[in-house]
Each structure stands twice: as C-alpha cells, then as structure tokens.
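Positions annotated as active site, proton donor by TrEMBL: E300. Per TrEMBL, the feature active site, proton acceptor maps to D379, E407. According to TrEMBL, the feature domain 'Alpha glucuronidase N-terminal' maps to 14-136. Look at TrEMBL and you will find 143-467 tagged as domain 'Glycosyl hydrolase family 67 catalytic'. Under the heading domain 'Glycosyl hydrolase family 67 C-terminal', TrEMBL lists 468-689.
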Amino acid sequence: MILSSSSNPKYSMCWLSYKPIEKKEYVQEVEKFLEHIVLLEKNIYFQNAGNELKMALSVLFGTEPRLNSALNLYVDNGIVLGKVTNENLQAFITDVEKEAVGEEGFIIKVIDENKKKYIIVASKSEKGIIYGIFHLINKFRLKTKLNELNCIENPKAPLRIINHWDNMDGSVERGYAGKSIFFSHGRIKRIYKRIGDYARLLASIGINGVVINNVNVRDKAIWLITPKYLNDLSKIAEIFRLYGIKLYLSINFASPIYIGGLDTADPLDKNVQKWWKDTVKTIYSYIPDFGGFLVKADSEFNPGPYVYGRTHADGANMLAEALLPYEGVVIWRAFVYNCLQDWRDTKTDRAKAAYDNFKPLDGRFSENVILQIKYGPMDFQVREPVSPLFGAMEKTNQMMEFQITQEYTGQQIHLCYLGTLWKEILEFDTYCKGKGSYVKRIVDGSLFGRKYAGFAGVSNIGDSINWTGHDLAQANLWTFGKLTWDPDRKIEDIAREWIILTFGDDKKVVENILWMLINSHAIYEKYTTPLGLGWMVNPGHHYGPNPEGYEYSKWGTYHRADTKAIGVDRTSRGTGYTLQYHKPWQEIFDDINKCPEELLLFFHRVPYDFRLKNGKTLIQFMYDSHFEGAEMVDKLIEKWKELKGKIDDEIFNRVYERLKMQKEHAIEWRDVINTYFYRKTGIPDEKGRVIYP
Ligand code: GCV
C-alpha cells in the first residue's frame with residue numbers, strides 16, 4: 001500500500017518534490033541497476049518502502065522497475081531490499097557490517113560484479129528500511145557517485161520526536177502555517193492523504209515519533225486517551241507506523257478527575273494508579289505500538305503532582321509504571337517555573353527554576369521516564385545559554401527540546417534559520433564529566449549510557465500550501481531531523497543538501513540561499529535583542545518589539561533597565577544562577593570580562609558605558625547592532641532577488657513578499673529599541689543616525 005504520490009498534490013512536498021535527473025551520464029550509470037526492485041521480506045513495511053522507491057525512480061530516472069517480492073535473489077540486476085540476516089544477502093554483507101547496523105539503521109552496498117549489479121539496502125528491522133530508502137533516493141538526487149553510496153547509517157539519538165501544539169479546534173498554539181492537519185472543530189480530521197505525506201516527509205529526515213496534540217491539554221483534548229477518539233487515532237497511528245513513526249499523546253495530569261470522575265489525581269492514590277493502568281491498557285488495545293505520554297505538569301496552569309504535595313518523580317513514575325509493560329515511555333517536561341511572580345521580587349530568578357525543581361530528583365525517575373528540557377533556561381529566546389540541567393542529571397534520561405516553530409524568532413515572517421543556533425547548543429561542552437562532555441553526547445544517550453535520550457522539536461507545520469508559511473522555514477524542519485539523526489554533521493552541509501533537494505543545484509541558487517540561511521539568525525538577533533537580552537516582545541502573541549511588554553508582568557522575564565544599566569545579575573553575587581553550571585563555566589559566566597559577549601546581558605547587569613571587547617560602549621553597540629541588523633535585511637532581499645527566474649515564480653514571490661515584510665518589521669524593531677535606549681539614557685548615537693526621540 002502506498003498512501004500518496006508526489007504527483008500534483010495541492011501542497012508542496014518540500015524536499016521530496018522529485019524531478020527528472022538531467023545529467024545523462026549519471027542516469028546511464030545508475031540505470032544499469034534499476035531493472036528490478038526486489039523485496040526479500042514480505043510485509044507491508046517492505047512493500048511500502050518498495051513502492052516509495054519505485055515511485056521516486058520513475059520520476060528521477062524515467063524507468064519503471066519491476067517490483068518483486070521474492071524469497072530468492074533470482075535476478076541479477078536491481079535494488080534489493082532485505083534484512084541484514086536474510087540468507088540471500090550473506091554473500092554480500094560481512095558479519096562485521098551486520099554487527100554495525102543498529103535497530104533503526106541500514107546499510108547500503110553497491111555490488112558491481114560481471115553479471116551481478118545490485119544496490120542492496122538492508123536493515124535489521126522493518127523500521128530501518130524506510131530510512132534507507134529515503135537516504136538512497138536523496139543520494140540519487142544529489143547525484144552521488146555509485147561507489148560513494150556504500151554506507152552504514154545509524155541514528156545517533158534513540159528518540160527523534162516532533163511535538164505538535166495542535167488544538168482540537170484546529171488552531172495551532174504558536175503555529176504560523178495555517179491550521180492543524182490533525183484536528184478541526186473538536187474532531188480528528190480524516191484527511192489521511194495529507195497525514196501520509198507528512199509521515200513521508202518526517203521519515204525522510206529520520207523522525208521516529210510524533211506527539212500530535214498540544215502539551216496544554218484542555219477541553220476535548222483531555223479525552224483523546226479514551227475510546228471516543230482512539231479508533232480515529234489508531235488510523236493515524238497506522239499511517240505513521242508504515243513510516244517507522246510512533247504516535248504519542250500529550251495528557252492532562254488531572255485526567256482521572258476529568259474523565260474518571262475520581263476526586264483526586266494524586267499519583268500515590270491507588271485508585272488513580274489503577275485508573276491510569278486501565279486507561280493505558282485500553283490505549284494499547286487500539287494502538288499496539290503507542291509511544292507514550294508527553295506531560296506538561298505544574299507548568300503554566302496545567303495540573304501536576306505539586307497539587308498533592310508530591311514530587312515530579314512521583315507523578316512521572318506512576319504513569320511510567322502503567323506504560324512499562326507495553327514498552328511505552330513518559331516524556332516529562334522540565335518547563336516548570338513560577339508564572340505568577342511579582343515583578344518587585346528581585347530574588348526569584350526564573351532561569352533557575354528548572355534546575356531547582358529537577359536536580360534534586362536525579363536518580364529518582366523510573367527507567368522509562370525521560371526529562372524533556374528546553375534548550376535554554378527561559379523559553380526559546382533568540383539567544384540563551386544552554387540549560388544547566390544538561391549535564392546536571394547523570395542518572396536521568398534527558399531529551400533536548402528545540403522550537404522549530406519560530407515563536408520568538410520571527411514567526412515564519414522573518415527568515416531565521418535555526419540550524420546554526422541549534423548546532424552551537426549541541427556543541428556546548430558541559431564539562432559534567434570533564435572536558436568533552438558535549439550536550440550532543442548527553443542527548444544522544446552516549447555520555448551516560450542511557451537507553452532513552454533524544455530530541456523533541458516543536459513543529460512548525462500547518463495545513464498551508466507549503467507546510468511552513470515561509471518556504472525557507474522548511475529548512476528548519478529538515479535540519480531538526482537531520483541533527484537528531486547525526487548531531488555531528490556540519491550545519492552548512494545539512495543546509496546545502498536541503499537547498500539542492502528543494503531548489504536544485506544551480507550554483508547561484510545554492511550559494512545565495514546558503515548565505516541567507518547561515519546568516520539569518522545572526523541578522524535577526526542583531527535587530528531584535530542582542531547580547532542575550534531576550535524578550536522585549538509584545539505580550540501574548542510575542543511578535544514585534546515592546547521593550548517593557550513583560551517588565552511589570554507575572555512571567556518572570558525582566559531586564560530591569562534603568563537610566564544607568566540593564567540586565568539581571570545572575571552571577572554568584574547576584575541570583576546565583578551561574579552556580580548551576582560546572583566549572584569552568586561558573587567562573588567564566590561569573591566574570592563580566594570572560595563571559596561570552598553574546599550572553600553578556602543574560603548573566604550580568606551592565607552599565608551603558610561599559611566597554612565591550614571591540615572598544616564600543618554597550619549603548620553604542622546596541623545602536624550599531626540595530627542599525628546594522630535592519631540594514632542587513634537588504635542583503636537578504638538582494639540575494640533572493642538575484643534568483644528570480646531560477647526559482648519557481650510562485651515560491652519566489654511568496655518568499656519575496658515575506659522578505660519585504662521582514663524589512664519593514666526589522667525597521668520597527670530597530671527604531672523602537674533604539675528609541676527606548678535613547679530615552680532611558682539620553683546618550684546620543686556617536687554616528688548621528690536618526691533615533692526618534
Ligand atoms: C505550549 C511558552 C509558549 C506557550 C507554550 C509554553 C510551553 O510559554 O509561549 O505557548 O505552551 O511555552 O512550552 O509549554
């Protein structure tokens with residue numbers, strides 16, 4: 001069964017929009033291997049992988065390979081899909097190679113002997129084969145030489161999950177690309193074609209899990225775990241399963257009260273425990289490979305164990321016990337802080353909250369609980385330090401939460417490629433086990449030898465024609481997947497590959513878009529909130545500048561600017577946040593002269609006349625940064641305009657329109673922030689540029 005084809009859907013297939021390969025020599029070279037597709041396993045997963053391959057080859061090479069399910073390798077030419085243990089493959093795959101292929105990995109081997117011409121794609125399980133197929137298809141599209149196709153690929157992180165913040169009314173919390181593809185008007189949509197195409201996109205970047213509902217579980221969404229919805233959900237799970245992706249659900253911790261009619265959701269209450277066990281049993285009777293629960297507890301008005309005087313370990317472990325017999329997991333979010341702070345209270349520091357809440361619980365979580373931690377201690381700002389929880393919990397499974405959707409990074413109106421930021425975060429050395437204790441080694445599970453570890457990415461897709469609103473924001477989804485598979489890859493390579501697969505390999509196209517992507521985050525940062533300042537956005541929707549939008553609110557996100565200085569002293573002399581890091585970071589962050597400049601205002605309260613490393617005063621840096629940033633948007637526009645005629649007109653115009661909006665809004669940022677600082681300080685711009693008094 002194939003769920004979809006890329007022929008003429010009403011929406012783009014992003015990087016999976018296949019086009020005939022034009023380079024004749026390459027086509028001729030590969031064609032020799034394409035007479036057959038041989039499936040050495042008879043099941044729907046191999047069949048689906050074979051269909052995917054056949055469909056791709058017919059577009060790329062114009063061939064119609066015969067698709068055979070065969071127990072014997074009786075043909076002497078073709079692409080052969082099998083398990084590494086299949087007896088027909090033993091002559092071609094060595095024991096060492098077999099060993100090297102992991103549960104979700106695959107091997108590709110090109111056999112070019114006199115009479116035999118095979119491209120073998122083999123995996124250990126049903127899961128690996130679909131990843132192998134997409135890998136091969138994309139390698140063909142990149143015109144990879146035959147001898148360079150040979151590889152053994154294994155995902156580095158065990159859990160590679162997309163989190164949707166989709167609500168059942170069809171809205172998407174922090175969604176900037178249309179409505180939910182899963183829900184509408186309080187119901188589960190039955191538009192399986194689109195979900196199938198989404199599963200294809202996700203499988204092609206190595207994703208193996210998807211949470212389809214918002215972590216804020218309210219109203220009807222509370223009932224998703226009941227038979228009322230499980231039938232429809234089982235169909236969605238089936239579609240994802242075909243592509244190696246497990247379905248997960250966000251739950252409301254107080255469900256035993258809402259659904260079960262109990263008078264408590266106390267995790268230590270026997271009736272509550274039983275209620276969850278029964279519920280889990282029912283879920284698995286509909287979805288036998290259900291992934292598990294994602295839980296936002298005691299966070300932003302969501303109920304949790306604190307209500308009953310219990311710990312987060314008590315809460316998570318109770319759910320974990322119910323899921324354990326089915327190999328399900330509990331993904332427990334660490335986004336716990338006081339969202340009712342008094343702005344007058346300068347002692348409480350929201351940045352410290354996740355660590356303070358969870359560090360004492362290290363070692364107390366069950367084996368199938370994973371703590372999902374946002375990359376920074378606050379909330380997906382354009383720049384934050386790495387959360388000190390990474391590296392602080394040696395005995396706890398940990399996942400990195402990235403926000404693919406651009407809540408604080410331009411809401412898919414501004415171009416802001418996040419791969420560069422994510423890569424920096426993953427490369428951060430926590431020093432928790434001495435030098436070389438990189439975040440990427442914590443979240444791939446290798447540093448502490450954890451079975452469960454990985455990545456969660458908050459989805460940036462919706463039902464819009466190009467999935468992501470801004471066409472170039474597709475690169476963020478692609479990059480997230482690619483980094484979860486291999487966080488060691490160079491970000492430029494990941495981005496370049498996306499450009500070629502999406503727009504073709506014209507030199508100018510690749511060069512210009514690569515420049516745009518790689519520089520876009522730095523540009524956005526320059527004209528919004530540089531030096532780790534963060535926030536300064538309009539409350540609620542979080543778009544556009546508002547320097548004191550959150551200054552006198554309950555949310556704990558203050559910069560406390562006055563006429564002399566700005567920033568919060570989070571050093572050991574201030575709120576003590578720096579003490580949550582290992583050495584040498586404690587000392588580095590503590591010292592205003594050693595602190596990485598891009599995080600200066602996150603860690604320090606800095607007078608406006610403080611001199612930065614380049615000799616500029618803080619205030620002058622602020623002005624320069626905003627003028628430069630807004631101006632650099634012109635360069636983005638220029639680079640894009642040079643591609644007119646080389647990019648599909650519709651896409652060209654759509655992106656162009658967004659870039660023009662970005663320019664206008666960057667100017668707004670520049671002027672509002674510069675004016676704010678000028679009014680606070682009365683210090684003029686040394687260069688005499690226009691600042692509105
Ligand atoms: C889903 C931020 C966002 C919320 C989001 C929350 C979270 O506060 O603004 O929309 O809620 O993070 O991550 O739970």
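Cβ atoms are placed via backbone N, Cα and C, with glycine included.
Any TrEMBL annotation is an automated prediction that lacks curation.
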Secondary structure at E407 (active site, proton acceptor), reduced by DSSP to three states: coil
Listed active-site residues (E300, E407), ranked by Cβ neighbours within 10 Å, top entry: E407
Cβ neighbours of D379 (active site, proton acceptor) where a neighbour is any other Cβ within 10 Å: 20
For D379 (active site, proton acceptor), the three-state class that DSSP assigns: coil
Model confidence over the domain 'Glycosyl hydrolase family 67 catalytic' (143-467), averaged pLDDT: 98
Helix, strand or coil at the residue listed as 'active site, proton donor' [DSSP, three-state]: coil
Secondary structure content of the domain 'Alpha glucuronidase N-terminal' (14-136), with strand meaning DSSP E or B: 49 helix, 29 strand, 45 coil
